[in-house]
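Enquirer: Here Swiss-Prot flags 1-28 as signal peptide. The annotation domain '4Fe-4S Mo/W bis-MGD-type' is assigned in Swiss-Prot to 59-123 on the grounds of sequence analysis. The [4Fe-4S] cluster binding site annotation in Swiss-Prot covers H66, C70, C74, C109.
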Amino acid sequence: MLRTTRRTLMQGASLVGAGLFAAGRGWALNRLEPIGDTLAEEYPYRDWEDLYRNEFTWDYVGKAAHCINCLGNCAFDIYVKDGIVIREEQLAKYPQISPDIPDANPRGCQKGAIHSTSMYEADRLRYPMKRVGARGEGKWQRISWDQATEEIADKIIDIYEKYGPGKLMTHTGSGNMSMMRMAAPYRFASLVGGVQLDIFTDVGDLNTGAHLAYGNALESFTSDAWFGADYIMFLLFNPVATRIPDAHFLWEAKWNGARVVSVAPDYNPSSIHSDLWMPIKQGADPFLAMSMVNVIIEGKLYNEAFMKEQTDLPILVRSDNGMLLREADLEEGGSDQVFYHWDSRTGAAVKVKGSMGSEEKTLVLGDVDPALEGSFEVGGIPVTTVFEKVRAEAAKYPPEETAAITGIGPGVVRAEAETFARAKKALLMTGFNIGRYSNGIYTSWALTLMLALTGHGGRTGGLDTSWIAWNQPALLELAFFDFKKLPRLEAGGLGEFVRGGMMEHSRQHYDNDKLKARTGFDLDELQEMIDESIDAGWMPYYGDMKGLISIADNKFRRNKNAEAYRERILEEVEELFVDINVRMDSTAQWADYLLPAAAHYEAWDLRSIAFHRFVNVFSRPVPPIGEAKSDWEIMEILTRKIQERAIARGITGYEDGDVTRDFATIHDDYTMDGTLMTDHDVVSWLVENGPEFAGATLEEGVERGFFVMGEDAGPTQKLRPSEPYHAFLQQTEGKEPYKTMTGRITFFVDHPRFVRLGATVPTARHHAGRDASNYPLNFFSPHTRWGIHSNWRSNKFMLRLQRGEPNIYISPQLAAAKGIADGAQVRVFNELSFFFAQAKFYPSLPPDTIMMEHGWEPHQFPNWRPMNVCMATLLQPLELVGGWGHLNFSLWHWNANQLAHESSVDIEPA
């Protein structure tokens, strides 16, 4: 029996007291007072339990959320005592928009609930620092803000003096997704003309197939719209792990009668709760989608009215050369963006309304009945329809033929396709991993075809891409300097691939012939197509840089071929490397200067996100730790120094194309002549000028903790106060054209590169994977539950909820064959490099695959060698095209993703 003596009790009490002080919680004992008249008042502490009771008292409560690249955006109450955040709690006061729909509460997850511990951890940056050793050596000197910004300002001016504009990268990563934190560095980049990569594609987050079909990848559904669906399918999406605050809508939909299907290579946390798990082979998703298209078309389960009005399926294609029939083919001086239907009623070709070249911007067909099938002749030119082309391609993928590729039986595919086609409201949901596969564009394009064939759009469902770009013009005007001057906007995946020298490592890893057989192109062809895209001006790439200001971007962790990439970038930015960051991450370790940024609870800010209509307020519950400053104030100080030094050196500005980079007035321009000096100034200005706030005041938002966005927040339609937001209602109900070349959902692209790669219509292609190289195991890295990218990955509480160190997931069968025990250290390797990790048994994973959740910092691995050292990568050449209707470079809409799941490895005991 356990016995407690006075001695052990006193020893334990001593340890508890020491622990409180060591944890910065000494204030819990500061309330002890001398005993006075014991009859007049109670003792301050009647018993030992009062120590714990007073631990949970506070001075005041502030408001905040967490503004890194997380789609939760959850309002929290922040409890402060003696100037220290002692804990946070979910606010859970969001209003219910309709009695028929569950509310959004409580919103939150384990990452947000421990941020008050993370902000005080040892990796937190507190003071400006200057490197005094070699890069990466870890030798730093604490300096003042004045010294840091003056030296940085002079080095920026030196770069412009020596090389002219265009050699300074001022890249803001996905760690800054709130309004103030985003506007500050983007406005700075706009003024200096810095290079800013697309933050979707540099990490592989862009759903290019959605843009290809709809002309807009950032039009989707709020999560409360999921509740009304009667059919939901997840692909490359694990919402229980990665959409924690919103997942309840999915299971409430299930309880409300919806069928929920999980398509995943592993029996993941979302598969567990689904009605059906379809255990697809990794990377085979486009083959599954095309086999379902096959069933829908062959069974005539399609909705002809929707197809005729909303899609390009009835548009005419020339049979002689395989190109769309254009007005320019039939009329001298005709447009190449006006197209034709075949009107079944009149037996003649009729010009399509709503295209980019049409003067009639409507989808209304009127008396025209477009033919979906058949062959015709127009002006002596033989033609057929897009639908005929699509049907011929889909015929190649019956479920019986694709079963060996997907691992899913034909009976299951047929039954599921029929159930999907009959659904009243169907949602196909993809996560951000779809952009990290070379065949992700094929997957998404085929999914949009499934939806269009069956009439699922607007209120009847559609493709959920996890993102809505709300109408927030004031934010964009602030960030992009009223669009008078812009940063050098660069294609994200392309920029990282070329600048990081990744082709060299791809050539080491892939077998060219095998790669061609898998993807439709080899590395020589890929290089040729990359060069063509840059030389033709389709995709902007600005070449080597001389300086880098990195803001909230852990680029040395996230990029593939990690160590070689880091060496290449450090060699390039020889003049200057500044890292503006909250913590000492794997990128900050290599900088010349470190500027400490305020954390989530230390600055005024606003945050909106796609899945809900609420803008959360950050009321700066505590001042920044040490000498950290808000992002706005950092750029205010830096522009002030640039202006001072430019004037002192007799420099006014630099001609840069059509604009002048006015260094002698850059601080005045940045602050609107002194109007916006602080983060609070910025937040006040945004609320006053943003139509999404519908006239509400900042004080009202602070009191509540959030704003409810008004009708004007809707990007393509009104955000109705009592209805969820559904994608493309303006098209399905308002009959406005889509932002595509034909004005319709697009399933035929006759761009020369699409023709070259045999992809003029939706089809299926393999990703590279193990069969494109010489290593036996597929290797993929989904998002983790225990962090947002690398944020919180090293937090002690998050580590306690898992193995506590980097681990790979391995099937017991593979482990047995390799002589690996659960929990053992393993060596993962290929010809590029190797890393060590712990093995964790995962029975649902196929024996030809290992999985590792992303986001681990290099310093958490033995020898600081991370998983990315073994990752070769590619670009998808279709995503690099331009000069075709809506397929032109567009920030956050159309350019090539950095890919993550294309390489292979082997494994052995360490």
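Quick reminder: no glycine exception, Cβ is built from N, Cα and C everywhere.
Since the structure is predicted, the reported quantities are computational estimates derived from the model, not experimental observations.
Locate each feature and note its surroundings.
Expert: If you average pLDDT over the domain '4Fe-4S Mo/W bis-MGD-type' (59-123) in this model, you get 94.
DSSP assigns C70 ([4Fe-4S] cluster binding site) to coil in the three-state reduction, placing it in neither a helix nor a strand. Every protein chain shown contributes to the tally, and the Cβ of C70 ([4Fe-4S] cluster binding site) ends up with 25 other Cβ atoms within 10 Å.
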Enquirer: To test your reading of the [4Fe-4S] cluster site: which residues beyond H66, C70, C74, C109, same chain only, put their Cβ within 8 Å of the Cβ centroid of those residues?
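Expert: Those within range, site residues removed, are A65, G72, N73, R107, G108, K111, G112, I244, P245, I788.
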Enquirer: Specify the count of other C-beta atoms within 10 Å of the C-beta of C109 ([4Fe-4S] cluster binding site).
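Expert: Step by step: centre on the Cβ of C109 ([4Fe-4S] cluster binding site), count other Cβ atoms within 10 Å, giving 19.
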Enquirer: Using DSSP, how many residues of the domain '4Fe-4S Mo/W bis-MGD-type' (59-123) fall into helix, strand and coil, respectively?
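Expert: Grouping H, G, I as helix and E, B as strand yields 8 helix, 18 strand, 39 coil.
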